[in-house]
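Novice: Below you'll find the structure I mean.
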Amino acid sequence: MNCPNTVGAVASRYAFLLQQLCSPRQTPLSAYLARTVHAHAVASGFNLRGPILNRLIDIYCKSGRLRHARLLFDEIPHPDIVARTTMVTAYSATGNVNLAREVFGGTPKGMRDTVFYNAMITAHSHDNDGNAAIRLFCEMQRDGFRPDNFTFTSVISAYVNSGRMNEAKEIFQEMPEKNLLTWAVMIAGLAQNGLGEESLKLFNLMKLQGFQPCDYAFAGAITSCAALGSLKSGRQLHSQLIRLGFECSLSAGNALITMYGRCGVVGDARNLFLTMSFVDSVSWNAMIAALGQHGHGVQAVELFEEMLKEGILPDRITFLTVLSACSHAGLVEEGHRYFDAMHDIYGITPGEDHYARMVDLLCRAGKFSDANDMIGKMPFQPGPQIWEAFLAGCRNHGNMELGIQAAERLFEMIPQNDGTYILLSNMYAAKGLWDNVSRVRKLMRDQGVKKEPACSWVEAENKFHVFMVDDTAHPEVNAVYSYLKQLVLEMRKLGYVPDTRFVLHDMESDQKEHAISTHSEKLAVAFGLLKLPRGATVRVFKNLRICGDCHNAIKYISKVVGREIVVRDGKRFHHFKDGECSCRNYW
């Protein structure tokens, strides 16, 4: 028989435990405390009530014990909306969307509230299921629930992840009051979906409306600078970051590494990487990618090995970046070794994108037999990525027979892709097979496929100047053509001869020379030389691959003017200096 004092002491202790449990502050002892109270209640037959049960579920969820949380949740005869919201939120955070949907679907509509809907919309957003999130958003409104700022932010993230930026912008405009998180999500979303100029404008508008940017908003704006190639704006944002005390931000730091790499100053990217107070796998991936894009394959491989020595496990993105670096530098043996290590050492199953990198690596090196063997041994049917890489390699090496086979596969898979027609047409044109060129172009017209127009741009005098092939629209294009003629005269003295094999139409010799002299990258380079300060590096960006004659011509231009010229095309960077290119003609 227990004495009264002992019973009183136990009761007092239990009351103390319950009081501590109800505290909203989460501590390392919270999980232990929850288990203690829960076990004591079960052993003593004590009937735990709503707030205590909800707190127990909350602690179990936050400490990662979702199984315990769900067991307790299922024991409750009628869980209230707080418990249900806690479970949905926990499942959302851990990627268990089906279980979140199960709890949500089992909740009567009369019990639901805005916070509960928000939790489920967020779960769909985390699962990149934008359509489901949007449907739920519409259902929420039909059921008479008024969205709040959190709802709008979550839905905008659904639209952004689905690439539906017009709808995202509409929702953003409808918001009665915009918070900092919503601004940041929109800025990042525009950047990620190729709308860099809009992203930067929105970033500046946010500041004009009195919001001080967070590091996430800065990261989005910096990503826009990377896509646009705006080094000046990127450096300004870097200065603002430091001034506001965000220099230790990991997300902003990673965005800066990518920006400097994508703007042609890989040395600045490397310096930033080395001085960051903390780096993660994303940082390493960004730096390896930057080195690879600039043709520094050996350095990229060395950095990858250093990453492994630091004990940081590579992920599938890491292998994509290092395989790309090997491809651009012709490191076939290293590429094979890393591809095999993915599965054999790190347990990562190579995807089609990894196989495509390997096919690209082998085809660039002219090893078509090895590439064919790899395609034949793939554990799945090769898709467009594989055949695009194979066709590009055939175009580089003039392998007509295999190129036609690859093109036929692509015509079956993606008949509306202009790149296939252009590569095949280029192959025929290089051989002078003009009848075949005409047939390909007719097939293209019959399919209703339009070629993406080549354009190049350069940043000068605080704005971007865009040039198209045979441009007549730019207000200073006549001065550009005049300057180019002067340059060509000097280039010819050094041995430059226009390579008319890259003219894609059958015409007279003098017409061919004129046609290649008006390519967009030549015009942008000439404009940059005219407008940028004497001695400044000219940085030109192009949406498509640079042509062979332009590549050769810009080498001569760099020799004539004694300046460095950097060209970023659709595949990689070329640094031209003193008549040489960093790619060493391996591209």
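Even glycines carry a Cβ here, placed using N, Cα and C.
According to TrEMBL, the protein has these features:
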DOMAIN    495-587  domain 'DYW'
REPEAT    113-147  repeat 'PPR'
REPEAT    148-182  repeat 'PPR'
REPEAT    280-314  repeat 'PPR'
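So where do these features actually land, and what's packed around them?
Specialist: The average pLDDT computed for the domain 'DYW' (495-587) is 88.
Note: the repeat 'PPR' (113-147) comprises 26 helix, 0 strand, 9 coil (DSSP; helix = H, G, I, strand = E, B).
With a cut-off of 8 Å between Cβ atoms, the residues of this chain six or more beyond the repeat 'PPR' (148-182) that come close are 114, 117-118, 121-122, 124-125, 128-131, 133-134, 137, 140, 188-190, 192-193, 195, 211-214, 216-217.
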